[in-house]
Amino acid sequence: MCQIPFSGAGDKKRSNGHNVKHKKFHLNVRKNLFTLRVAEHWNRLPRAVAESHFDRIHHGLQGVCAVPQRSYADQVDADVTVIGSGPGGYVAAIKAAQLGFKTVCVEKNATLGGTCLNVGCIPSKALLNNSHLYHLAHGKDFANRGIEITGLRLNLEKMMEQKSSAVKALTGGIAHLFKQNKVVHVSGFGKITGKNQVTATKEDGSTQVINTKNILIATGSEVAPFPGITIDEDNIVSSTGALSLKKVPEKMVVIGAGVIGVELGSVWQRLGADVTAVEFMGHVGGMGIDMEISKNFQRILQKQGFKFKLNTKVTGATKRPDGKIDVAVEAAAGGNAEVITCDVLLVCIGRRPFTKNLGLEEIGIELDKRGRIPVNNRFQTKIPNIYAIGDVVAGPMLAHKAEDEGILCVEGMAGGAVHIDYNCVPSVIYTHPEVAWVGKSEEQLKEEGVEYKIGKFPFAANSRAKTNADTDGMVKILSHKSTDRMLGAHILGSGAGEMVNEAALAMEYGASCEDVARVCHAHPVSLNKYLTWLEGLLGFCLLIGSL
């Protein structure tokens, strides 16, 4: 998910179980001929910090400069300088400005939004949705519903135009929000040239220096290279190139059957390509997925025509004179080699933090063994006024995780409490059917020695799934055996990415399964599957077939 926040939209998170109402304080500085509006969002402050309204306002105003909000000079002064405008960076910049900080955001690319909006979350979801519709129309699904189509054809160029239109609208939306919230956008490659200085180098070689009280690194991640295989974004492509292919390949090989691999492989398989994913591990879906869900997920994708070679490694790839690619594979444990020939090779073995040329070594910030920036629980590096969030720090590389960290980080700069429970951060695979989960998998609970209960429910028994003729999937919940507290939720099926958020909310607030099950849900909706799942776990489900 990569969602554009609207100015002034309040957060609903809790801090130590207490909700604190949003406060607004308006300070008019007539002598300086401008108005500084400080919108306080103290929803995460514990009561120990919230001594009084004036104390809280004081925390938020510490360090705010009485200088104009925009500047186009070679040198700029700021309270907060954010390097990177991806989901973590742009959300942090807007939040900082709303809290009264003079904020600058430095972005190296021509458009705002980072990987997510430009070559990640957003364009991939456009292609996933449109390819799914084409697949339904091209197969027997529409005919079985009484919708008969003749002369159906794929206009790939038009499909790509729709994708690009969505991306353009959303990146433009961020630019509008920057202007609305008085965030100064500086174009150029940002490098930390001192503990209170960032230098932005533009394409023409000119530089702009930002003197700043705080620096927030939100530079995201980049495609992890595969040793011995050169990505040319033509017929050996990364996720970026796979979003802009000029034609549907006859055969495609995907290296990696994690989230990105199965999403993009699914797009081109639906559009007519013969797709084979080669995965080193023994399951699909990547890290964190529940194994029972993964096995069912793989079975459904195979039924759609997606092929998998698990426990298999790629040892090399060779371009042939006719333009095709020979991909050499063998068993992960070693064995006889095999060659798979394809038109397009998609490399999806993960991503790595983007930290090169940021000036970290020069200021004494060392990376961990995985190339990430070490931070404390307030997202501070070893230099207290330099912070880091998102893909460059530990944790899952997810847009919504980066957004949450960005908001919390700048609230911490303003004196607020900082807390995030990474166990409550959901993950979604946006194929059809979708896969979504939050919390612990059954394998993790076994490894940790936690006693748990399991509740399961098939989509095939849900009335909404039946009427939609979309019955592939299941839901699975894990709860603590003695306390009934929800420990994990795993959903495979249509709408899983929406349903999982109810489980995330329940877990964030420490709800029991009974707490959620006793909430009246509308009928018939897909969430009835989730409710019945909980009721079955508690032993008071009456008629599964009626739901």
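Every residue, even glycine, has its Cβ placed from backbone N, Cα and C.
Sequence annotations record features per position, and here TrEMBL assigns active site, proton acceptor to His523. Within 10 Å of the C-beta of His523 (active site, proton acceptor) we count 12 further C-beta atoms, all protein chains included. The secondary structure of His523 (active site, proton acceptor), as reduced to three states from DSSP, is coil rather than helix or strand.
TrEMBL lists Lys125, Gly190, Thr219, Gly220, Ser221, Asp391, Met397, Leu398, Ala399, His400 with the feature FAD binding site. Counted within 10 Å of its Cβ, the other Cβ atoms near Lys125 (FAD binding site) come to 17, all protein chains included.
With a cut-off of 8 Å between CB atoms and residues at least 6 apart in sequence, the same chain places Gly256, Ala257, Gly258, Gly261, Phe308, Lys309, Leu310, Asn311, Thr312 near Glu279 (NAD(+) binding site), listed in sequence order. What TrEMBL records for Gly256, Ala257, Gly258, Val259, Ile260, Gly261, Val262, Glu263, Glu279, Gly350 is NAD(+) binding site.
A simple way to gauge crowding: the CB of Cys116 (disulfide bond) has 26 other CB atoms within 10 angstroms, across all the protein chains here. In the three-state DSSP reading, Cys116 (disulfide bond) counts as helix. What TrEMBL lists as disulfide bond is Cys116-Cys121.
Summarising the annotation, TrEMBL assigns region 'Disordered' to 1-22.
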Cβ packing number for Met397 (FAD binding site), 10 Å threshold: 18
Greatest inter-residue Cα distance in Å for the FAD-binding set Lys125, Gly190, Thr219, Gly220, Ser221, Asp391, Met397, Leu398, Ala399, His400: 29
Candidates Cys116, Cys121, Lys125, Val262, Met397 (recorded positions) - the one closest to His523 (active site, proton acceptor) by CA: Lys125
Among Thr219, Ser221, which are binding-site residues, the residue with the most C-beta atoms within 10 angstroms of its C-beta: Thr219
Gly256, Gly258 as binding-site residues, winner by CB count within 10 A: Gly256
Chain-internal residues near Ile260 (NAD(+) binding site), provided their CB is under 8 angstroms and they sit 6+ positions away: Ser239, Cys348
Winner by Cβ contact number (other Cβ atoms within 10 Å) across the recorded positions Cys121, Val262: Val262
Inter-residue C-alpha distance, Lys125 (FAD binding site) and Val262 (NAD(+) binding site) (nearest angstrom): 13
